[in-house]
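According to TrEMBL, the transmembrane segment annotation covers 20-44, 64-86, 98-117, 232-257. What TrEMBL records for C156-C172 is disulfide bond.
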Amino acid sequence: MSRKQHHFKGAEVSCCVKYVLFGFNIIFWLLGAAFLGIGLWAWAEKGVLSNISSITDLGGFDPVWLFIVVGGVMFVLGFAGCIGALRENTLLLKFFSVFLGLIFFLELTAGILAFVFKDWIKDQLNFFINNNVKAYRDDIDLQNLIDFAQEYWSCCGAHGPNDWNLNIYFNCTELNPSRERCGVPFSCCIKDPAVSPAPLPYPRPAPELSQQKYINTKGCVGQFEKWLQDNLIVVAGIFVGIALLQIFGICLAQNLVSDIKAVKANW
């Protein structure tokens with residue numbers, strides 16, 4: 001019997017497993033390529049690719065990093081899984097399953113640590129948000145991300161509007177020449193559907209009861225926690241779904257490796 005038929009004394013490579021794994025990874029690979037492409041395009045638009053040193057200029061978090069890192073990992077894993085399944089390459093299949101298993105383990109560890117050290121995580125979230133408040137005007141992608149979060153959760157700053165004192169454009173010091181002095185970004189404002197465009201930010205020094213008529217006075221950390229509690233089932237379902245997909249991919253890869261080894265053992 002020929003080698004191409006992969007059939008020796010009853011051992012054979014399952015075509016079903018092989019092509020399901022290939023299909024699984026081709027989608028993974030294409031999504032990774034798309035994420036990576038978006039990230040590189042965003043960097044090109046901001047001139048980062050022509051001046052790599054500008055990566056370190058941003059004081060806060062550049063959202064493009066998320067696309068670059070996630071896209072790069074998905075691209076490499078998807079490529080290894082596709083070629084490994086199609087060429088029946090056990091080395092690539094093992095790389096795929098081990099790396100995917102490592103990611104799963106890191107996600108599981110992060111989830112457990114987040115539950116055990118939730119107060120520490122909350123402090124880190126406060127620190128992260130305040131750092132990005134400082135860098136709000138430094139990067140358009142960061143600015144859009146903060147605006148989206150503040151609009152979506154109807155919040156302002158980490159704990160409240162006064163967190164914007166950390167930003168050089170919005171702080172209330174007398175020497176601040178900015179026309180946004182003592183204000184907040186438009187995304188903190190309570191939108192009036194009768195007014196277009198959105199009204200100018202309401203100044204923060206006003207009494208809190210007056211502020212509440214014009215801006216959201218709740219902090220984003222508290223609003224995010226409330227959102228998590230309200231959508232706990234949905235969030236848990238998403239994480240469980242991702243975990244099951246990873247386990248499914250690992251099982252397919254290991255099953256295919258076992259089939260290939262069984263066939264080779266009978267040569």
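Cβ from N, Cα, C; glycine included.
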### Task
State the residues, same chain only, that lie 6 or more residues beyond the ends of the transmembrane segment (232-257) and have a CB under 8 A from a CB inside it; answer 'none' if no residue qualifies.
13-14, 17-18, 20-21, 24-25, 28, 81, 84-85, 88, 90, 93-94, 96-97, 100-101, 103-104, 107-108, 111
### Message
These are the disulfide-bonded residues: C156, C172. Which one scores highest on other Cβ atoms within 10 Å?
### Response
C156
### Message
Under 8 Å between C-beta atoms and at least six residues away from its ends: which parts of the chain pack against the transmembrane segment (64-86)?
### Response
18-19, 21-22, 24-40, 42-43, 46, 48, 92-93, 95-96, 99-100, 103, 141, 249, 253, 256
